[in-house]
Amino acid sequence: MVQTYGVAPENATEPGVQAEGEEATALLGGNRDTSVKRTQEKRDGHATMYSCISNLSNTIIGSGMLTFPLAMASAGIIPGMITCVFSGCVAAFGLYLLSLCATKTQHRRASFHAVAQLTFPKAAVFFDAAIAIKCFGVSISYLIIVKGLMPNVVASLYHDLTSPTTNPPAWALDGGNWISMFMVILIPLCFLRHLDSLRHTSYIALFSVAYLVVIVITCYFWPIKNMPVPGEIRLIHFTPGFISSFPVQVFAFTCAQNLFPIYNEVKSNTQERMNTVIGGSIGTATLTYEVIAVFGYLTFGSKVGPNIIAMYPSTSLFIAIGQLAIVIMVLFSYPLQVHPCRNCLDKVFQPHHVQAVTPVAVASAIDEQHEEAEEDDEEVGIEDEHGHHTEMSKLKHTVLTAAIIASGFTTAYFVDDLQLVLSFVGSTGSTTISFILPGLFYWKMTRNDPTAKKSLNMAALSLAIYGAFIFVFCLGFNIYKVVHPDADSGVE
């Protein structure tokens, strides 16, 4: 029964006499009367379902979607569609496990660090460091992509809007100048504290994705001038290129780094609503990938290239705007990588947080019901884990954000190709946060829990094993490409 303030409970002791059960509480949280339950409500989130689905979808859908027609050409239409759906389902299962793990953490303070403290506390800092490196590498790749695309976009738009015989000014063909100008837009976005604040840029990015989908469908039914002759189209046709294209489909659904911030910010973060967010974002990405892959492959057949938008002649304004849409999409995906990178670095530079969780707190978070655990959080006084209650200081927030932006911009400005390094970081990092950690976290949390489903526990362990296999496979494949850079992995 919930007690009200000002009313003494029936089992109250005499003044000055401390009950036996309160002694441990005094050691943890001071001499407070814990027999009286607090009636104030926990702070609720402010993000809508639509904004959460948009942010998570924008995190998922990136430049990797441009390679899906080539991935379909490496196996045929039927296997290509099946592997795309399979990759989306596996990614969704990993997100589902992370959402279950988030319920064991403090109220709206979920993070990889918080979950790691309940499962593998000594490795929590290393997990955060790996995730930070992965997100930092992806953010650099976005800037490099924009740097490489903008000169072509400018040339196409210039020729379409003026005269085909005239060339744009030299400064407009320098990709470094463009990312320098774009940083004026990106820097304020990167300094925003909450993921929900990026919802408007995610809407714009998803509109850009929709425009690309329109291009692919339109050019199939109504081909534009100077379209290349399509190659052979097959329902089932595995080629050596399938080995290199399958990991692309697997990593195209990576978004686990932003699941916990969404869990912390969404209104009424029940499991049902989180399932809707996960299903909506993964479903949107899967449908987008399938449409682009199928219609792109049907348009060009076996002659399709690694960048579907580059296959269309840029002699029409319709295609040129589509190329600009890709730049906008990649551009507004950049802050979505800086946000988790900053949160993880915050924990890396505070290693004492690993010692912040006491055995009492761990037992309370795992063994008790979620409502009771929420009440105990304020008593134990565990430090905040990327939640809404106690955020990092303004100075630290500013320093970390500035360091990420400055180092990333400098690298992207002076380096034109980081494909080799990013392929190693992306394949290993994406596998770790999407499959290995979600599987291990949930397996460790529930392996001794009699109320947990054994089948789900074993499925979580299987996901971790699957992630380890993909990790080893991709690492070996990248090493093979370094040793044999001229190896043929094409579709033909």
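Note: Cβ is positioned from N, Cα and C throughout, glycine not excepted.
Look at TrEMBL and you will find 1-20 tagged as region 'Disordered'.
For the transmembrane segment (47-71), same-chain residues at least 6 beyond its ends with a Cβ under 8 Å from one of its own Cβ atoms are 80, 83-84, 142, 145, 194-196, 198-199, 201-203, 205-206, 209, 212, 241-242, 245-246, 248-249, 251-255, 257-259, 262, 265-267, 273, 276-278, 280-282, 284-285, 288-289, 292-293, 296-297, 299-300, 304-309, 326, 329-330, 332-333, 336, 491. Marked as transmembrane segment by TrEMBL: 47-71 (among others).
According to TrEMBL, the domain 'Amino acid transporter transmembrane' annotation covers 47-474.
Under the heading transmembrane segment, TrEMBL lists 77-102 (among others). Here the transmembrane segment (77-102) has Cβ contacts under 8 Å with residues 68, 71, 110, 115, 118, 233-236, 238, 242, 246, 249-250, 252-256, 259-260, 263, 269, 271, 274-275, 278-279, 282-283, 285-286, 289-290, 293-294, 297, 434-435, 438-439, 441-442, 445, 459-460, 463, 466 of the same chain, all six or more residues outside its ends.
The transmembrane segment annotation in TrEMBL covers 123-150 (among others).
The transmembrane segment annotation in TrEMBL covers 170-191 (among others).
Feature annotation from TrEMBL assigns transmembrane segment to 203-223 (among others).
Among the features that TrEMBL reports, transmembrane segment is placed at 235-256 (among others).
Per TrEMBL, the feature transmembrane segment maps to 277-298 (among others).
The transmembrane segment annotation in TrEMBL covers 310-332 (among others). Residues 58, 61-63, 66, 142, 145-146, 149-150, 152-153, 155-157, 159-161, 182, 185-186, 189, 198, 201-202, 204-205, 207-209, 211-212, 215, 218-219, 224-228, 296, 299-300, 304 of the same chain lie 6+ residues outside the transmembrane segment (310-332) yet bring a C-beta within less than 8 angstroms of a C-beta in it.
Sequence-remote contacts of a segment are chain residues at least 6 beyond its ends whose Cβ falls under 8 Å from one of its Cβ atoms, and for the transmembrane segment (398-415) they are 136, 139-140, 143-144, 147, 176, 179-180, 183, 186-187, 190-191, 338, 341-342, 345-346, 392. The annotation transmembrane segment is assigned in TrEMBL to 398-415 (among others).
Taken from TrEMBL, the feature transmembrane segment covers 421-443 (among others).
What TrEMBL records for 455-480 (among others) is transmembrane segment.
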Tell me, please, if the transmembrane segment (455-480) and the transmembrane segment (123-150) are in contact, taking contact as 3+ Cβ pairs under 8 Å between residues separated by 6 or more positions? no
Could you check if the transmembrane segment (123-150) is in contact with the transmembrane segment (421-443), meaning 3+ Cβ pairs under 8 Å among residue pairs at least 6 apart in sequence? yes
With CB pairs under 8 Å as the measure, which of the listed stretches 170-191, 203-223, 277-298, 421-443 comes out on top against the transmembrane segment (235-256)? 421-443
